[in-house]
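Visitor: Below are the structure tokens for one structure; questions will follow.
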């Protein structure tokens with residue numbers, strides 16, 4: 001049986017690192033699937049650091065997923081626009097021949113939304129896993145076993161053989177009941 005009584009919120013380094021890796025992988029795959037080039041390793045590392053920091057806040061429950069996830073999506077989109085502005089010659093060759101708002105085509109914007117949704121799902125699943133482990137050991141979660149009451153019989157008293165063998169009076173006809181004289 002587990003003995004954890006509170007959620008171990010202080011130890012979120014490994015889950016935050018896993019979410020960071022998953023998010024960067026999803027971002028790179030979605031970026032490539034949308035017709036773009038995968039950003040350089042330094043950009044991916046910077047984004048991984050950002051997701052790691054945000055994951056630490058979310059997994060420690062110091063910030064809500066509903067607040068952090070849109071901010072993370074905005075950072076992704078603005079980062080993409082910054083990359084397009086820094087190197088327009090590189091981005092002109094792939095799917096950005098007709099750049100939309102901030103240099104994003106609908107496919108690329110969808111790729112960033114999918115990557116952010118995957119990040120949010122991973123944060124949510126990791127939070128729920130910790131909560132499930134804590135719930136298993138929480139007192140009062142498992143109902144106590146039912147106490148069985150002894151049933152009382154409402155039948156008439158039955159004479160036992162011992163009462164039949166009790167000393168009978170020495171004179172008179174035999175009786176079934178004890179005589180007190």
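Cβ coordinates come from backbone N, Cα and C, glycine included.
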Visitor: Quick check on the annotations: TrEMBL lists transmembrane segment for one of 12-30, 88-106, 107-125. Which range is it?
Guide: 107-125
Visitor: Are there residues at least six beyond either end of the transmembrane segment (67-87) with Cβ under 8 Å to its Cβ atoms? List them, or say none.
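Guide: Residues packing against the transmembrane segment (67-87) from afar: 27, 39, 43, 47, 50-51, 54, 57-58, 96, 99, 102-104, 108-109, 112-113, 115-116, 119-120, 123.
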Visitor: Determine which residues of the chain contact the transmembrane segment (107-125) at the Cβ level, with the cut-off under 8 Å and only residues 6 or more beyond its ends counted.
Guide: 18-19, 22-23, 26-27, 30-31, 33-36, 51, 55, 58-59, 65, 68-69, 72-73, 76-77, 80, 95-96, 100
